[in-house]
Structures are given as C-alpha cells and as structure tokens.
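The structure appears below as structure tokens.
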C-alpha cells in the first residue's frame, strides 16, 4: 500500500522576538493579562524587508536538508498562507523560484487560515497516494503582523510571524493514516479581514476583526469533535495517540481538546508561549520543534488539528 510519510521537517522564525512587556509599552495591556488568557509570552515579527515567501523558503530549505533531498527531487509545492506576498502569482511559485526548482512541478497556495496546513497536508497526501507526486513540499507560512491593528490590544497581542515546512514522501511504511476537513461559512463574521481590493481600490478595514469569545466557543466544540471523528474513523483510540500537535492559538483551547480526549498535557506539543498564533505556520512550527527537541520520535502516532476563520477546520492522524 502506498503511504505519504514525513521524511523531513524545517522551520524559520524572524529574528525580532517581541515580549508581552514590549507590547505593554505600546498598548494598554500587561504580561499577566496576556499570559492568563492565552498562554502567550513571546512572538516573532518579520523585518520590513522579509516577505512570507522568504520565511517559507528558509523553512523549506531546512526541511529539504532534513529529508536529504535535492531541490529538483520535489515534484509538488503547496503553501498554506492567508498573507501571500501579492495578489498573484501564488506564494508557492515564488518559493519555487527562490529555491531554484526548475523541473516545472505544480505549485499552488491553499487558503484556510489557521487550518491551512491541515488542508495542504491532506491535498499533498492525495497527490502522493494517487501516484501524481513522490516528494511534496508542504509549507505553512504567515506574516500576520502585516494585517494586525497594532493599536487594538485585543488582537495585536495574539499573533506572530513564522514558517514551518514538511517534505511528504511516498513510502510503503505507514505515514498519514487518516484526515478529515470541515468548513462552515455561516460563521465568517466571527473572524475575518473585511478589507478587499476591487477596481484598484481597497475597501473596508485591512486588519483582523475577531469576536474572541465566539471564536473560543466554536473552536473548543469543533476541535473536540473532529479529533474524535478522525481517531474513530481510523480505528484507533485516544490512548494510542503519542502526541497532539495542535494549532497554537490559545493554551486554554489546547487544554480543552486534550482534556476531552482524556490525555495529559504532557502529551501535547506546546509552543504557543514562544510563537503566539502564527496561523497556518503554527502546526508545522510546533511539529518541527517537537521533533528537534527529541519529544517526537519515529514510529509514534501524532494527531494534528487546527481551526481557522471561515470557519475551516481539520485533523490529521499520522505515524511519524
């Protein structure tokens, strides 16, 4: 049986590390307030000349090195991002150019905000299982600092920039076991960026608009359900999960999912305190951190899950 297995991971964080105390000098907030409600202590912010594609390309280089593959071994590139370099072309094609990949492989973006990496990974899995690709580069990359209102203390404290990447390779050994994606556009008012470009003009606010309590309530409910669904549909039990690698948005949401599954927080890869919410980048960033720290080991079962504006959400059960 053909599987898609992670053969390499990599990540990149901008050099500028911003603490809660740093933000408290700019808006009416405090380290205690932010930490108690979110678990976030730090976030990284891209330099003025750093684009989403720059972060993505560096994470990709590290993933390729980890997989011990050459650039032209890659035959599919998918970038999950809600903050592309430009309206078009896709950030994936820009990354393709920056990496020097010249084999003409397909490259495209996926936009499902914080669930984007789940959507991208599931798409790459389908390519590999169908025989359409052998080595896929799957990247989550964001520069959310560009769409945050730095005068709004309810949102500016939450987000950070970064990129994470995996190389997904064809294998006869188990890799991605099961995945499930969901969406419901009826909740778009809870979390969105209302601004839009039309006829050369920008209309509406270009910054994140969020109903925090509404997002929290929906996320807790849907993440618990999709985690149950993926585990059950795969014929597994929660006890067989070695690590949860969740979207790193809010520690309380993460704790709720772990509690629902009956799993200790000792089985959760947690990076929200260091990265903040990096949207589509958060899961691959956490995955790479867990692997490089020695927490995650080959052969272990991982549950990846996340939810983003739309709403769009998803979960992937895989063997590393």
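Heads up, the Cβ atoms here are built off N, Cα and C, so glycines get one too.
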Segment assigned the feature region 'ACP-binding' in Swiss-Prot (from 248-252, 253-257, 258-262): 248-252
Cβ neighbours within the same chain of residue 114 (active site) - under 8 Å, at least six residues apart: 247, 249, 277, 279, 280, 282, 306, 307, 308, 309
Residue 247 (active site) in three-state DSSP notation: coil
